[in-house]
Amino acid sequence: MEAPNYGHDNGAPSSHHQPPTYTQQEEHAPLIPKANTDGKFTPDASYKDVWAAILFIGNLFGYFGLTYYSAKHFISNPFTVLEDGSSIASNAFLADHAFVILALTSLAFTFSLSYGYFILIQRYTAALVKISWFFSVFFTIAIGVLQILSGSLWGALSIAVGVLCLFLYKYWASRMAFSVLVLETVTSVTRKYPATLAVAFSGLVLQIIWCAIWIFGLVLNYQYFQTVSNCRPVDNKMVCDNNALYIAMIYLNFVMFWNTEVIKNVIHVTISGVFGVYYFFEGSAAGAPASPTLASAKRALTTSFGSICFGSLLIALLQTLRYILNSLRSDSDDGIQAFLAMCASCILSMLEGLFEIFNKFAFTQVAMYGKPFVRAAKDTWELIKDRGVEALVNDSLVGNVLGMGTLAVALLSGFFGYVYVSIVQPSFYENQDKDLVMFAVIFVEMILGVAMMSVPNNVIDSGVTTTFVALAEDPQTLLDTKPELYHAIAVQYPEVSLNVRGQAVYHR
């Protein structure tokens with residue numbers, strides 16, 4: 001089914017002035033809210049990429065089954081027997097009240113910093129876009145200088161990239177106004193739908209819970225397969241009688257990568273669905289539903305879940321290949337083999353980064369139109385061929401703002417931990433190696449700051465991507481429903497007058 005025609009036939013003016021009418025069968029039609037069901041959606045009821053969802057669920061059962069099998073062995077052998085016949089049992093960690101206070105105040109402090117930076121983005125968008133661009137350039141140059149001082153010639157490449165960006169400042173500056181408009185729009189939509197922040201926070205909590213479960217399973221499986229493979233240290237290297245431990249570690253890392261990607265992309269698809277509702281229906285005759293978040297989450301976890309699993313699987317496979325290559329590099333005594341593994345890992349790392357960006361845009365298509373992943377990927381490729389440079393530039397400018405905020409929050413959080421421990425002098429600091437405890441507290445505080453900033457960052461990133469994709473796919477809707485915003489964008493981004501299929505918008 002062809003997409004609805006937004007433009008003029010053969011360059012002639014349109015003979016009518018009616019906005020495009022979507023039907024459920026049209027592949028580029030957004031998911032239509034029912035007029036009388038309080039914001040629920042009626043997408044195509046069929047489940048997409050069901051095989052990937054089944055494979056993902058089966059993979060989870062495989063992981064928990066393997067962990068259960070290893071746990072049985074661990075429970076029957078709860079102590080590690082040393083050569084002298086003695087045994088070691090695990091020690092419980094006792095948290096005193098000072099540790100609890102540190103944990104609670106840290107959460108409150110990092111939350112306040114993250115929310116404060118979100119407010120700054122809303123109020124000083126243009127200034128932050130420009131400041132963060134210069135910050136990223138000089139930070140890149142500084143990293144290059146440090147690399148050269150440490151003896152690495154790779155630093156010259158970082159310096160060259162930074163200097164090249166400075167020479168191209170006029171080009172970047174010409175694109176900043178568009179990114180500012182998109183950021184301002186996204187933050188205003190977030191204020192309208194604050195549940196998007198709750199969705200992002202729930203994703204953070206799920207990731208933490210999954211990481212804890214995976215680490216627990218990793219320890220159990222490693223101990224079991226180390227015994228099965230009869231692994232032992234020889235000349236500062238681990239030598240095993242068979243590859244059971246190595247294969248188990250590959251599988252466990254694959255499970256980690258896939259589950260992490262699925263959780264992240266479910267959150268992205270949910271948030272993108274909300275921003276899609278705003279774009280297509282805010283200002284329309286039907287109007288946007290008051291609370292579309294739950295309906296969007298339902299689609300992400302049902303009809304679109306298979307597509308999410310499919311796209312996430314591809315990233316997980318690349319990450320697993322990198323893990324294998326890095327293992328070969330670290331375990332190899334052959335310099336040539338280690339060098340080749342390093343080069344292959346570097347190439348895969350770049351491919352993974354590009355595919356992460358590609359997937360983000362493809363999942364936005366899944367969120368807005370309910371497409372299967374292959375169809376979404378094909379349309380994303382068409383979008384990238386037509387708007388790829390603009391997409392990367394806009395993504396980079398927004399990423400600079402979010403990255404600078406993340407670094408600032410991380411550093412301030414680490415400083416907070418340092419001040420707290422220095423002033424309070426808690427017992428867990430007094431009774432241990434002080435330098436080590438201080439380092440651990442600062443490190444954990446910085447990680448907490450990064451994690452807390454990921455909440456608004458994920459919402460803004462998903463919102464910006466959704467807005468860009470919607471503008472490329474269907475600028476006509478923005479003109480019809482939010483004409484002031486359309487004209488403001490058209491001034492800074494003239495390409496908005498054509499969609500990716502070359503169809504021009506028409507004015508009433």
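Note that the numbers count up from 1, one per residue, in the order the chain is shown.
Every residue gets a Cβ built from N, Cα and C, even glycine.
The region 'Disordered' annotation in TrEMBL covers 1-27. What TrEMBL records for 12-24 is compositional bias 'Polar residues'. Residues annotated as transmembrane segment in TrEMBL: 50-71, 98-120, 127-146, 152-172, 193-222, 242-258, 265-281, 301-325, 337-358, 401-424, 436-455.
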With CB pairs under 8 Å as the measure, which of the listed stretches 98-120, 127-146, 301-325, 436-455 comes out on top against the transmembrane segment (265-281)? 301-325
Stretch among 152-172, 242-258, 337-358 sharing the most Cβ pairs under 8 Å with the transmembrane segment (50-71): 242-258
Under 8 Å between C-beta atoms and at least six residues away from its ends: which parts of the chain pack against the transmembrane segment (242-258)? 56, 59-60, 62-63, 66, 214, 217-218, 221-222, 225-226, 228-231, 312-313, 315-317, 319-320, 323-324, 327
Same chain, outside the transmembrane segment (401-424) by at least 6, Cβ under 8 Å from its Cβ: which residues? 98, 101-102, 105-106, 109-110, 113-114, 117, 120-121, 128-129, 131-132, 135-136, 183, 437-438, 441-450, 452-454, 457, 460-461
Sequence-remote contacts (6 or more beyond its ends) of the transmembrane segment (127-146), Cβ cut-off under 8 Å? 120-121, 155-163, 165-166, 172-173, 176, 179-180, 183, 397-398, 400-401, 403-404
